[in-house]
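Peer 1: Dumping the structure here so I can ask a few things about it.
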Amino acid sequence: MEGPTSVDTDQNPNSRRQRIIEFSAFERHDADIPSNAGRIPIPEEASNSTTSTPRSTTSELDKDIEKHAISRRASTVSVSSRIVSMPEKEHGGENVAAEEEDEESDDPDAVSWDGLDDKANPMNWSKGRRWGAMAVVSGFTFLTPLGSSIFAPGVQLVMDEFRSTNSLLQGFIVSVYVLGFAFGPLVIAPLSEMYGRLPLYHSCNILFFVFNIACAVSGNISQLIVFRFLAGSTGSAPLALGGGTIADLFPRDQRATAMAIWVLGPTLGPVIGPIAGGFISESLGWRWNFWIVAMTSGVFSILGIFLLKETYAPTLLKQKASRLRKSTGNPLLHSKLDTGLSTRDLFILSIVRPSKMLTLSPIVFLMSLYVALVYAYLYILFTTVSFVFERQYHFQKNLVGLSFVGLGMGQFLGQFGYTWYANRSYKKHVERGDFRPEHRLESMIPGAFLVPVGLFWYGWSVQADVHWICPMFAMGVFGAGLLVIFMPANTYLVDVFTVHAASAMAANTVLRSVFAAFLPMGGPKLYAALGYGWGNTLLGFISCLMIPIPFLFLRYGEWLRTNPRFQLKL
């Protein structure tokens, strides 16, 4: 297997960046850069590479060099053994670890990890530390989508207070928050590549806290809409960065479990929101929905200060290089993961990349389209179910949120089933030595059928005015299908686009947020024109058109990843 051609990285920044990307593809890291691309050359080793020093005066130096050499050979053996079981290409990137030693000799001033077991590498943190960070990020990821729907049961109270009867505006007050999810990642993702994940988590959490307070004290509908949009934009940080944080902290064999926990936020959070919001709006008033979200956000932000640390490898090694320049006096030391791009170029590239992937990559487009469609269906339910159970089944206002219990239970069971199957499937294929990212999509197949079944069942049970337990069970079937589509799709994108996983996830988040923001605005008109039976039948038939997607990728996914026609210059 051939590695990348050796080049002078100082004189050819473009080639240097390409080598970094190639190393990243092998290292399977979320960034454009590998997570452990080498070691830190000791200053004496670099400075003495051209100067002969008498052995009698350098015994300690010789020992250090010998120790690093042994560690280096061990690392090479470990890396080489990993190459054997991996395909020659993955998403067009060649596995190039065999050239790691040559890369080190090309640039002796490049700073990297102290071997494969460096404790500074987030992959090598203790289990408790990694899962503690994951718990905080998952908490943020749960709270911000919950904020999108907790307000839904109280929206009629808002319209009454501000004396508005505009039904389109009524739906937009709820969905504009999700529209913020579409725009936030376009700024948050590139900023995280420049400054790291931690500053973005902290700053966005503070702004999310502030904008929810602003929503609580809004004096008119226009103010409420603006502040809801800003709250959604800043609240999108854990959605935009969470997948990357998982890739920072967990190897592939642990990623399905971590992803399952993290994905509960954008799927279960919006379901629990209306349940809590119904009681809050009825007993305390609609403004208290925002006060409670703000207070919870403040608690999570304080926990994040103590439990969250930077996990983004490029930022960590950049900080390490800065410390070494000060301690050694060597101004040439720099992070081995430095792309050589200016801040402006990096920002532009990071904004353009998700759009490019969404429009030119069939993998990103079809996976994102499928997730966006079922996610929009979820928000159509959010904007119509309360009306159905209040008017048709005569639920009290403070109990109408309980109509989402079936949906939540279905998602919980779907999450449990997916995690169990995905872990078993991964271990089975690894033991056989034939694992491919497409195997993640095996568990998507049941979800592809559950979604239309749930929609048909819900629509016609409401149309026939049967007992309320029937549409509630139907929403549970839909919820299980939604989650079993959502989770493998996201895990598949992370596995395929390891080099640019954050950009792939950003593209996915943008499309599904746009769908979830605008399609629900047509839900009431759809049901008014066709009724709940035929209206949901139409939605179910559209979802049936998506059923072939997991089958197509299971059969042709590897070909799409490796065919030069579909390789993008990212």
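From the backbone N, Cα and C atoms, a Cβ is placed for every residue, glycine too.
Automatic prediction, not curation, is the source of TrEMBL annotations.
Remember, predicted model here, so these are calculated numbers, not experimental data.
According to TrEMBL, the protein has these features:
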COMPBIAS  1-15  compositional bias 'Polar residues'
REGION    1-116  region 'Disordered'
COMPBIAS  47-59  compositional bias 'Low complexity'
COMPBIAS  60-69  compositional bias 'Basic and acidic residues'
COMPBIAS  72-85  compositional bias 'Low complexity'
COMPBIAS  97-109  compositional bias 'Acidic residues'
TRANSMEM  131-155  transmembrane segment
DOMAIN    133-560  domain 'Major facilitator superfamily (MFS) profile'
TRANSMEM  167-188  transmembrane segment
TRANSMEM  200-219  transmembrane segment
TRANSMEM  225-247  transmembrane segment
TRANSMEM  259-280  transmembrane segment
TRANSMEM  286-308  transmembrane segment
TRANSMEM  363-389  transmembrane segment
TRANSMEM  401-421  transmembrane segment
TRANSMEM  441-460  transmembrane segment
TRANSMEM  466-486  transmembrane segment
TRANSMEM  493-518  transmembrane segment
TRANSMEM  538-557  transmembrane segment
Peer 1: State the non-local partners of the transmembrane segment (259-280) in its own chain: residues 6+ outside its ends, Cβ under 8 Å from one of its Cβ atoms.
Peer 2: 134, 137-138, 140-154, 238-239, 242-243, 246, 288-289, 292, 378-379, 382, 385-386, 397-405, 407-408, 411-412, 415, 418-419, 422, 479, 482-483, 486-487, 490-491, 494
Peer 1: Checking distant contacts: for the transmembrane segment (131-155), what same-chain residues at least six beyond its ends satisfy Cβ-Cβ under 8 A?
Peer 2: 170, 173-174, 177-178, 181, 201, 205, 208, 212, 228, 231-232, 235-239, 241-242, 245-246, 249-250, 258, 261-262, 264-274, 276-278, 280-282, 285-286, 289-290, 292-293, 296-297, 300, 303-304, 307-309, 311, 382-383, 386, 397, 400-401
Peer 1: When you look at the transmembrane segment (363-389) alongside the transmembrane segment (466-486), do they share 3+ Cβ pairs under 8 Å, ignoring any pair fewer than 6 residues apart in sequence?
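Peer 2: Contact between the transmembrane segment (363-389) and the transmembrane segment (466-486): present, because at least 3 Cβ pairs are under 8 Å.
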Peer 1: Ranking 167-188, 200-219, 286-308, 363-389, 493-518 by the number of C-beta pairs under 8 Å to the transmembrane segment (538-557), which range is first?
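Peer 2: By the under-8 Å Cβ criterion, the transmembrane segment (538-557) pairs most with 363-389.
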Peer 1: Which of 225-247, 401-421, 493-518 has the most Cβ pairs closer than 8 Å to the transmembrane segment (200-219)?
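Peer 2: If we count Cβ pairs closer than 8 Å to the transmembrane segment (200-219), 225-247 scores highest.
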Peer 1: Using Cβ distances below 8 Å and needing 3 or more such pairs, separated by at least 6 in sequence, tell me whether the transmembrane segment (363-389) contacts the transmembrane segment (225-247).
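Peer 2: No, these stretches are not in contact.
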Peer 1: Please indicate, using numbers and ranges, the residues of the same chain that are 6 or more beyond the transmembrane segment (167-188) and have a C-beta under 8 Å from a C-beta there.
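Peer 2: Counting only partners 6 or more residues beyond its ends, the transmembrane segment (167-188) has Cβ contacts under 8 Å with 147-149, 151-152, 155-156, 158-159, 200, 204, 221, 224-225, 228-237, 239-241, 351, 354, 379, 382-383, 506, 509-511, 513-514, 516-518, 520-521, 523-524.
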Peer 1: Of the listed stretches 286-308, 401-421, 493-518, which one has the most C-beta pairs under 8 A with the transmembrane segment (225-247)?
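Peer 2: Highest pair count goes to 493-518.
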Peer 1: Taking a Cβ cut-off under 8 Å, which residues six or more beyond the ends of the transmembrane segment (286-308) line up next to it in the same chain?
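Peer 2: Beyond its ends, the transmembrane segment (286-308) has Cβ neighbours at 132-133, 135-137, 139-140, 143, 146-147, 150-151, 154-155, 157-158, 161, 198, 201-202, 205-206, 208-209, 212-213, 215-217, 276-277, 280.
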Peer 1: Between 0 and 100, where does the mean pLDDT of the domain 'Major facilitator superfamily (MFS) profile' (133-560) sit?
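Peer 2: PLDDT averaged over the stretch: 87.
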